[in-house]
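Asks: Dumping the structure here so I can ask a few things about it.
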Amino acid sequence: MALVKRKIYQQFSLTDFLYFSGIFCFSELFFTKEPHDVTVMRKEAVILDCQAHGETPIDVRWLRNGVKVVENERVYLLSNSSLYISEVESRRGDKSDEGFYQCLAQNKYGAILSQRARLTIASISSFTIQPTSIVVTEGSVARFSCRISAHPPPIITWEFNRVTLPLATERITVLPSGALQIHGVQRTDSGNYRCVATNIVNRRRSMEAMLTVISAPSPRQPQRPRIIAGPQNISVSTHQSATLECIATGNPRPIISWSRADSKSIDVYHTKVLGNGNLIITDIKLQHRGVYVCRATTPGTRNFTVAAANVTVLAPPSLVEWPESLTRPRAGTARFVCQAEGFPTPQITWLKNGERVHSNGRIKMYSSKLVINQIIPEDDAIYQCQAENEQGSVLAMARLIVVMSEDRPSAPRNIRADTVSSSAILLAWDRPLYNSDKVIAYSVHYMKAEGLNNEEYQVVIGNDTTRYIIDDLEPARNYTFYVVAYMPMGASRMSDHMFQHTLEDVPLRAPELSLTSRSPTDIQVSWQPLPDKLSRGRVSAYRLSYRTSAESSASQIELLGEKTQYLLEKLQPDTIYLLRIAAATSVGWGEQSAWTSHRTPKASSAQVPLSPELHLEPLNCTTILVRWRLAQRNLASVQGYKLFYHEESQSESAPLQLRASDHSHTIGGLDPRKKYHVKLLAYNFIGDGYQADQTISTPGCVSVRDRLVPPPPPPHNVYAKTNSSSTIFLHWGRPAFTSSHAVNYTVRCNPIGLQNASLVLYLQTNEQSLFVRDLQPNTKYEFAIRLHIDQLSSPWSPVVYQSTFPEAPTLPPTSIKVTLIDEDTALVSWKPPEEANLSVTHYTILYASRNEWLTGEWQVVQREGSITMALLENLKPGHFYLVKVSASNNMGDGPFSHMVELTVRADPSSGHDPRLSQGSPRSNVFSDGFYHLDQMSMTGITVGVSIALMCIIICAFIIVCRGKHRCSLLVVCHPRFSQFHVTCLFLVGNNQPSKCTEKEGICPRGTVSYQPGSTVLTFKEELSVPAEQPASPQSLLGHPVDSEGSSNSEGSHATTDSGRFSQDDTEMSHLSSGPSSRQSSVTTAEDSGSSEEEEQACRLARDGQTDLRLVESVEDLCCHQEAQSARPLLSVCEVV
């Protein structure tokens, strides 16, 4: 029967292998662009990319936190399916735009879900740790610390007496974590210190802390090294930087050194020392995780002290095995496999057409597998494996194609099952009613009936029998069975399910004993219940036997099956006892355990440690993990532990000496399927404490069953070497076997973390080497090779990994913004170049004033590739600066971005807030007589100037019509920075002394206000402007346009001392406002004329301006009878 079964199984496997194996890939639907994590400012616009490729039409919709995004005027889809948010909101609850976004693409083949992208709104909170005042000795070390929560992470600087300190000097070090270290403290270091945190949102200043320096004793006494700030345990994401602080004092000054606790060498290419001993790890990777030890040593001595910290590297998920697309017949079985790595360990979720798959009777999900039994047409879909942890998510997809057949056989009939023994059941059935002559094989499916996610097993047998004994079952278990008939073009429906249980059996093994003593005259015996595989039924009783080592007969105690512990009392102190136990089911007693020895404690009044609580756990078939902790009621001191272990039939070996701080130990090099006795006790200066004894069995190592058709061995010694940014060379060895058939190979190539199974590359060759070309730069690939010979294929070889070289950046950084946050300090921020798989090691920021730019003298600032902000300090007031940024890596430097302009005002009270945000479309800068304006402002100026010219023409026409020609007119127009706002200054001069009579001109005095759109003519006489020197706008106005605390023009941002930026835009104060405005300083000569002449002059004034709409009454208007020579008259025409 076995031979027939083997023969038919081989025939079935070989003839139908190609049909029932899945297709390698599909290209009906996949993403070419997916959204990525992004951080934006409130009210800014953002685009989340999503582009799907496949057979049209493709419908794309977006999800936020798993809920469909509703489109509106502010949030809508672009033509390329990307999501556009015009103004990001940060309100609480569902009204906020923050969250996790995914796009769902669907066509007729199914639907796929993109990777998850997080949208975060930039923020900066208050300080959670404020610096505190300290008193230090002259020549020692001072340290201040601060902490603040912000996103993106802020730049930390420090101020001494409100003056910014440099980030690093010979004595001063500022760590990225926020700590300030001052070595060799001097008297001049006394003063107030405060922490300053800056990011793209705001600048925060902490409370001030005072440093007091006192004189050191003379002469200074030698001091042992002491670490006052050691490294702290940290968790860092890959490609970020980790800072381990270590600062020590002593006399003489100690030397700081670093090492790893695992004795591995520190990566010198990615580490550097900052200041006087702080360790910084850049571009951190998984190999950098571990315990780092800081050691402070007195020079020339062996005096040292150490401090250690654990560096945990957090890695996003990456797939190491992904599902492959399958073609399966109806009623067949499909299995998808997906494995991922990362830290924390990724969780695997399966999706069907973008929705989560749930287990049921047909569909089972295991740790890394999705199994679909009895496939139905509705199972034809796109399936995705999603691996996610707190660092991100990654998806891979595969399609299941269900093949339909019209002439399938009917299902097998009359399923019967009989229990043969505790591990075997006989299954029988009748042939299908229809098309039974076309059946080529049967498959028997069985699984445990109790519990969830039980694995289903399948056995394929020939078509010459309808009976089969399943003989690898567990005793006392219920099982469910069904049978499927196969023909060349498909499978039948599954038969009816049959349930049957196996018989109980005697326990396969006795429980493992754990022994401790609470006093010199007792032994606490405890054990764990047997697992179902070992109990082979319900345990009804236990039999505990014990005796002294000197006795030959043993005492026995029978206990109920629910018991798991028993206290033996009235024993002899300081005596070795032997104990063993047996378990029974309804069938009978199982074998007894081996004797386990335990010595009761000595009867003494001395206080020795009590028995530790001992726990044993097998890690694999050759390793045991021993864990323990002291009893809660233990009051004795502990100097260390003694650990004994030996195989059950061997003598006890010498103990292992463990430290008092140890609470676990790993025992390796054991034999599989062996029972070991472990003993642990604590000791102190009085003697050994009470011991704890326990036995444990090592499991058997996993063995691979012999295959019915042994495949050829896979290629070996696979070697990969990078040639360029797009080419990797592969070489491998042919396995040692002889064959006359030709051998060829399939090379599988894909990037790590692949999300689209259709992008897996399969290359064919008959050589033992291959150049894999057209790869992506700076991408880690995995390669596996399979051998083919005589229609047989080997398993895939062990996977090898290799990364392509990166390319130098070809695009500059984007979204360059420069914000003047202080009178002499600016914050420049940017985003990485928009290139896929680009590695950036550092950024270069160039900035120069206008004069320096003309001579090519740029100032240089560099930042690590993980940092996208920098401070530009010590800027000169009254200068105009240009800023540009470039990205670089080990392969070269990228191009610089466009230059962004920045103006540093000479006088903060000149009318504009010095904190001007540059690099945005609304930035308008006026500096050194140059205009730097955007298109909207130019449009506004053009309209304003046109209106001003019309105003001038009207005024001139009025003057000409009234015959007032003797006063010369000088017009100075100054465009304001808000739209459609122009100020025109009229200088009216009289070179010859003459009288200005009623018939010559009207000279009003006081304040006149008009509505927007009107023209205002005023003047003042006391302003003296030399004829040879043109008047500036500010000198003509006679007062500052604005000052700190006054309203500012649009585009400027007011700030308080705390650094909070105000986004409120206010209009510039008008020179001529309402009645409450200050009066024009006009000196008028006392008129000797009569009141009638004044009234006539006022009437002429009103008649001459009938084309203007007067808002408020003109008060105290007078007519000048005589104009003072050498004092030009000033009129202001403001058009809004």
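Each residue, glycine too, has its Cβ placed from N, Cα and C.
Note: TrEMBL annotation is automatic and uncurated.
Per TrEMBL, the features are:
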{"type": "DOMAIN", "residues": "27-120", "note": "domain 'Ig-like'"}
{"type": "DOMAIN", "residues": "125-212", "note": "domain 'Ig-like'"}
{"type": "DOMAIN", "residues": "225-312", "note": "domain 'Ig-like'"}
{"type": "DOMAIN", "residues": "317-401", "note": "domain 'Ig-like'"}
{"type": "DOMAIN", "residues": "411-505", "note": "domain 'Fibronectin type-III'"}
{"type": "DOMAIN", "residues": "507-603", "note": "domain 'Fibronectin type-III'"}
{"type": "DOMAIN", "residues": "608-707", "note": "domain 'Fibronectin type-III'"}
{"type": "DOMAIN", "residues": "714-807", "note": "domain 'Fibronectin type-III'"}
{"type": "DOMAIN", "residues": "812-907", "note": "domain 'Fibronectin type-III'"}
{"type": "TRANSMEM", "residues": "940-960", "note": "transmembrane segment"}
{"type": "REGION", "residues": "1028-1098", "note": "region 'Disordered'"}
{"type": "COMPBIAS", "residues": "1044-1061", "note": "compositional bias 'Polar residues'"}
{"type": "COMPBIAS", "residues": "1069-1088", "note": "compositional bias 'Polar residues'"}
Asks: Taking 3+ C-beta pairs under 8 angstroms (sequence gap of 6 or more) as contact, is the domain 'Ig-like' (27-120) in contact with the domain 'Fibronectin type-III' (507-603)?
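Replies: Checked: the domain 'Ig-like' (27-120) vs the domain 'Fibronectin type-III' (507-603), no contact.
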Asks: What is the number of residues in the domain 'Fibronectin type-III' (608-707) that are helix, strand and coil, as DSSP sees it?
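Replies: Here the numbers are 0 helix, 50 strand, 50 coil.
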Asks: Could you give me the DSSP helix, strand and coil counts for the domain 'Ig-like' (317-401)?
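Replies: In the domain 'Ig-like' (317-401), the DSSP-based counts are 3 helix, 52 strand, 30 coil.
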Asks: So which of 225-312, 317-401, 411-505, 507-603, 608-707 is most in touch with the domain 'Fibronectin type-III' (714-807), counting Cβ pairs under 8 Å?
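Replies: Of the candidates 225-312, 317-401, 411-505, 507-603, 608-707, 317-401 scores highest.
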Asks: According to DSSP, how is the domain 'Fibronectin type-III' (812-907) divided among helix, strand and coil residues?
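Replies: Secondary-structure composition of the domain 'Fibronectin type-III' (812-907): 6 helix, 50 strand, 40 coil.
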Asks: At a threshold of under 8 Å on Cβ distances, which of 317-401, 411-505, 812-907 pairs most often with the domain 'Ig-like' (125-212)?
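Replies: By the under-8 Å Cβ criterion, the domain 'Ig-like' (125-212) pairs most with 812-907.
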Asks: What is the average pLDDT across the domain 'Fibronectin type-III' (507-603)?
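Replies: When the pLDDT values over the domain 'Fibronectin type-III' (507-603) are averaged, the result is 88.
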